[in-house]
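So that you can see what the record holds, here are the features copied from Swiss-Prot:
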{"type": "REGION", "residues": "1-20", "note": "region 'Disordered'"}
{"type": "TRANSMEM", "residues": "36-56", "note": "transmembrane segment"}
{"type": "TRANSMEM", "residues": "72-92", "note": "transmembrane segment"}
{"type": "TRANSMEM", "residues": "103-123", "note": "transmembrane segment"}
{"type": "TRANSMEM", "residues": "134-154", "note": "transmembrane segment"}
{"type": "TRANSMEM", "residues": "166-186", "note": "transmembrane segment"}
{"type": "TRANSMEM", "residues": "189-209", "note": "transmembrane segment"}
{"type": "TRANSMEM", "residues": "271-291", "note": "transmembrane segment"}
{"type": "TRANSMEM", "residues": "309-329", "note": "transmembrane segment"}
{"type": "TRANSMEM", "residues": "337-357", "note": "transmembrane segment"}
{"type": "TRANSMEM", "residues": "370-390", "note": "transmembrane segment"}
{"type": "TRANSMEM", "residues": "410-430", "note": "transmembrane segment"}
{"type": "TRANSMEM", "residues": "436-456", "note": "transmembrane segment"}
Amino acid sequence: MAEESLLPSHTEDVSASPNKSSSLLSEISNASTRPFVLAFTVGSCGALSFGCIVGYTAPTQSSIMKDLNLSIADFSFFGSILTVGLILGALICGKLADLVGRVYTIWITNILVLIGWLAIAFAKDVRLLDLGRLLQGISVGISSYLGPIYISELAPRNLRGAASSLMQLFVGVGLSAFYALGTAVAWRSLAILGSIPSLVVLPLLFFIPESPRWLAKVGREKEVEGVLLSLRGAKSDVSDEAATILEYTKHVEQQDIDSRGFFKLFQRKYALPLTIGVVLISMPQLGGLNGYTFYTDTIFTSTGVSSDIGFILTSIVQMTGGVLGVLLVDISGRRSLLLFSQAGMFLGCLATAISFFLQKNNCWETGTPIMALISVMVYFGSYGLGMGPIPWIIASEIYPVDVKGAAGTVCNLVTSISSWLVTYSFNFLLQWSSTGTFMMFATVMGLGFVFTAKLVPETKGKSLEEIQSAFTDSTSEDSTIF
């Protein structure tokens, strides 16, 4: 199946032809069916829950420690066990989604989240508290990759980027809401509130469609066209789309008939997409995201900025960047937003490093706090614009259905380990050198900019089958890359 190249140097604007505007309006209209909207709402709920889960511990720390008589070590373990759950969820997410399907996996993640919140809400000691947090981590580890996959496999090509980008906004909404509510609501009540999204979603899961690409993969070809009709509208002609999905699925199966299991992912033909997915998804973590997120108060305090003002402004900027990303991702494209976002995060890290250097050497004392505040705002705004949602969008687009589960496991595992590494080491790095720490983060983002410019293709406007075949058909070698 020969397709045009997706290499950056040959990228074209597939929506630039005169007839594309009417086609785009038609696809948007067709996509606005009840099953599509319902599926999008349900599929994105994992991101909303993720934001609530991450935002829960900061405002509730003192009250939980007081009520349950916990030590600092107890609460630190409660906070960090989420990462253990993330890693466990990452290890099983791909196999689970491939084995039982996208919808049943969403069932499992929402049940885990619900049990986790209830365990925390009714905890009498640290053991039940930790169990609830662990279950939440497993759920997030699964849903953080499953959500973008499910949305990308259902959405029409012209809405795929915007629909997936909205998931990052849901994370921000959940995070901001729980930060705000946590100052006014008791920690047990806040946990009950956290269970509401799952309680709403569970009955809706009876009415959402399974991914047509997963149906094709498991041999349920007769159901593919019916699902597409429900998603695009009963009057839509989905025969070409259904034929493309079925043809490409058979094409992949014929190529890999002698290759089975997890290690199929490590064939040479998957080397480039695997590298792109792993690097892009881990880059924000290695570029200091968790350091900024969990230790913003430390950064502001060290440079003389009011943490309350800093948090409010950075939240507004990040949400604004996220909204702009949703609006622009299917217009300007993934690659250009990635480059702009990486450049902004690089400048934010660099400016933060300079502000620490000036503060340490007692230079420009009146301007250093303002510089620190602006640098953090630039970092978070740039992250929300591109590096937040787009790596997950691209990772959900570039892998064929037969290795998508394995790729999800690898990408999720790498980002979970990267997240833990930066979170664990950040305070030690600050003690070593505040300036040096943020210079390291700036270096990561600078290298990421070069990586994206050289290797990351533009996927805007392409069908999933076009994107995937452009990678996998570039070589017929089946030898592994290690």
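Don't overthink the numbers, they just go from 1 along the chain as shown.
A Cβ is built for glycine as well, from the same backbone N, Cα and C atoms used for every other residue.
A Cβ distance under 8 Å defines the sequence-distant neighbours of the transmembrane segment (271-291), meaning residues of its chain 6+ beyond its ends; these are 265, 338, 342, 345, 349, 379, 383, 387-388, 390-392, 394-395, 398-399, 407, 410-412, 414-415, 418-419, 421-423, 426, 429, 437-438, 441, 444-445, 448, 451-452, 455-456, 468, 471-472, 474, 481. Only residues 6 or more beyond the boundaries of the transmembrane segment (36-56), in the same chain, are considered here, and those with a CB under 8 A from a CB of the stretch are 82, 106, 109-110, 113, 136, 139-140, 143-144, 146-147, 150-151, 154-155, 163, 166-168, 170-179, 182, 190-191, 193-194, 197-198, 200-201, 204-205, 207-209, 231-232, 293. With a cut-off of 8 Å on Cβ pairs spaced 6 or more residues apart, the transmembrane segment (436-456) and the transmembrane segment (337-357) reach 3 or more such pairs and are scored as touching. Same-chain neighbours of the transmembrane segment (370-390): 161, 164-165, 167-168, 171-172, 280, 283-284, 287-289, 292, 296, 299-300, 303-305, 309-310, 313-314, 317-322, 324-326, 328-329, 334, 337-345, 347-352, 354-356, 358-359, 364, counting only residues six or more beyond its ends whose CB sits under 8 Å from a CB of the stretch. Panel annotation: around the transmembrane segment (189-209), residues 35, 38-39, 41-43, 45, 48-49, 52-53, 56, 59-60, 103, 106-107, 110-111, 113-114, 117-118, 120-121, 132, 154, 178, 181-182, 227, 230-231 of the same chain, lying at least six beyond its termini, place a Cβ under 8 Å from a Cβ of the stretch. If one looks beyond the transmembrane segment (134-154) by at least 6 residues along the same chain, the residues whose Cβ comes under 8 Å of a Cβ in the stretch are 36, 39-40, 43-44, 46-47, 49-50, 53, 81-94, 96-97, 102, 105-106, 108-110, 112-113, 115-117, 119, 160, 163-164, 167, 209, 211-214, 231, 392-393, 395-397, 404, 408, 411-412, 416, 464.
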